[in-house]
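TrEMBL has this to say about the protein:
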type	residues	note
TRANSMEM	20-44	transmembrane segment
DOMAIN	36-285	domain 'G-protein coupled receptors family 1 profile'
TRANSMEM	56-75	transmembrane segment
TRANSMEM	87-111	transmembrane segment
TRANSMEM	146-164	transmembrane segment
TRANSMEM	202-221	transmembrane segment
TRANSMEM	233-256	transmembrane segment
TRANSMEM	268-287	transmembrane segment
Amino acid sequence: MTQVTEFILTGVSERPELQVPLFLGFLGIYVLTVMGNLGIITLTSVDPRLQTPMYFFLRHLAVINFSNSTVIAPKMLSNFLEQKKTISYYACATQLGGFLVFIVAEIYMLAVMAYDRYVAICNPLLYMVVVSRRVCLLLVSLTYLYGLFTSIVFTLCVFSLSFCSSNIIDHFYCDITPLIALSCSDTYVTEILVFLSAGTNLFFSMTIVIVSYFNIVLSILRMRSSEGRKKAFSTCGSHVMAVTVFYGTLLFMYLQPGANHSLDTDKMASVFYTLVIPMLNPMIYSLRNKDVKAALKSFVTKPCKSCKLM
């Protein structure tokens, strides 16, 4: 019985004529993701108007989106141009671990951002007390630490299994489900743990988001001023869009009927929450947020003014 030392990733498509077009398409997505998220990180770090808790959390969402895409995209892109789409055993474990850190962190970062908007709109007078800098640092630290803990536990669980038959992963990156499918060990306990963890994380995160926005809507509807209602909706509108796209993709993947479930569908859903959504988030926050647009305009025009003076 030979132990597997490397895996073969089938990728998004195995058709040879699609490899170059797919490479160019996903390269464009990744470049936009890097530019958009690094732009958000830069603006929220240097602009004085973006030094509030909301933009602190947005900066870390951008860090998570950038990191998650970077864990997946470079290897995926290189495989489009290679004949043998292999990944070593330890590189696969590293990729799975990195993916789990950031996908779990994103689930809870969106919940933290929903709570932030709830306090800002429903208890504005206590906002800077309830969401103090210490609380912000604590919430972000717990998000990353829990993501790291989950990653270590499940990476060890998956790679403690034996892989002694096929080494072909029917996916474009090392994910838990296709890896478990390859194992020749008893995977019952691992599958139960993965199911319970994924269900618990989604349940708690979505509960926080739903309860927060339910209270936000009630609070907005009680406002007498139409201008105040418009401003409140505008403040949380971009976050609602980001949350809807992210959770909508996850729910589509996990709640579809069993008869319609396929690995191809899993791949398309994975493309959305690992590559497309991290690209869209900076656009959503930039296009719907006046402060971010003003900060971007200021950041772009200042260097231009310096050039003119020179």
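Even glycines carry a Cβ here, placed using N, Cα and C.
No curator has checked TrEMBL annotations; they are predicted automatically.
Per-residue confidence over the domain 'G-protein coupled receptors family 1 profile' (36-285) averages 86 (mean pLDDT, predicted model). The stretch in closest packing with the transmembrane segment (56-75), judged by the count of Cβ pairs under 8 Å and taken from 146-164, 202-221, 268-287, is 268-287. For the transmembrane segment (202-221), the partner stretch with the highest count of Cβ pairs under 8 angstroms, out of 87-111, 146-164, 268-287, is 87-111.
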